[in-house]
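Presented below is the structure to which this report refers.
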Amino acid sequence: MGVPATRRCVEWLLGIYFLSHIPITLFMDLQAVLPRELYPVEFRNLLKWYAKEFKDPLLQEPPAWFKSFLFCELVFQLPFFPIATYAFLKGSCKWIRTPAIIYSVHTMTTLIPILSTFLFEDFSKASGFKGQRPETLHERLTLISVYAPYLLIPFILLIFMLRSPYYKYEEKRKKK
């Protein structure tokens, strides 16, 4: 597979990632920050099932710091998702480079405390986490595996935008 074909495969991966992120954000993540009445009971039940099944304490009883991340997802990331979906599925949209770098760095930065919480938090002593929470290493790793793509794909995006010769910035100068 040549360089253009490889680039298109990565662009398709990124386009599908951003497309899939729209319903996940709207119907799951934002339930923690938007009024309950906006969501049909089916979506509320889906979130309850997920949080119980995967013992996700952040979506059962979201702490303030996590809600701040979700607010950023609502205000900054959600409007970017359709733009990025278009750019990557269409392909060859060099203008997406800077916004994609900003998105990837922002998203990876928010995932570090989330994944660290899942890995290192002593939930038995943490008063801020009620409800079910991961107790065993296996439960913690399962929960991390749910969130890990939201760290790994932005990392791939960042490397792709920084290293791809196609997306590198070239200064255009007027000829005299």
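Yeah, the Cβs are placed from backbone N, Cα and C, and that goes for glycine too.
As recorded in Swiss-Prot:
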BINDING   Val75, Gln77  cholesterol binding site
DOMAIN    10-158  domain 'EXPERA'
MOTIF     172-176  motif 'ER retention motif'
TOPO_DOM  1-9  topological domain 'Cytoplasmic'
TOPO_DOM  31-68  topological domain 'Lumenal'
TOPO_DOM  90-99  topological domain 'Cytoplasmic'
TOPO_DOM  121-140  topological domain 'Lumenal'
TOPO_DOM  162-176  topological domain 'Cytoplasmic'
TRANSMEM  10-30  transmembrane segment
TRANSMEM  69-89  transmembrane segment
TRANSMEM  100-120  transmembrane segment
TRANSMEM  141-161  transmembrane segment
Reduced DSSP assignment, Gln77 (cholesterol binding site): helix
Same-chain residue ranges lying at least 6 outside the topological domain 'Cytoplasmic' (90-99) that approach it to Cβ under 8 Å: 7-8, 11, 80, 83-84, 161, 166-167, 169
Neighbourhood of Gln77 (cholesterol binding site), C-beta criterion under 8 angstroms, separation at least six: His21, Thr25, Tyr103, His106, Thr107
Cβ atoms near Val75 (cholesterol binding site) (within 10 Å, other residues, all chains): 9
For the topological domain 'Lumenal' (31-68), residues assigned helix / strand / coil by DSSP: 27 helix, 0 strand, 11 coil
Spatial neighbours of the topological domain 'Lumenal' (31-68) far in sequence, C-beta under 8 Å, 6+ residues away: 74, 113-114, 117, 123, 128-135, 139, 142-143, 146
Helix, strand and coil totals (DSSP H, G, I; E, B; other) for the domain 'EXPERA' (10-158): 117 helix, 0 strand, 32 coil
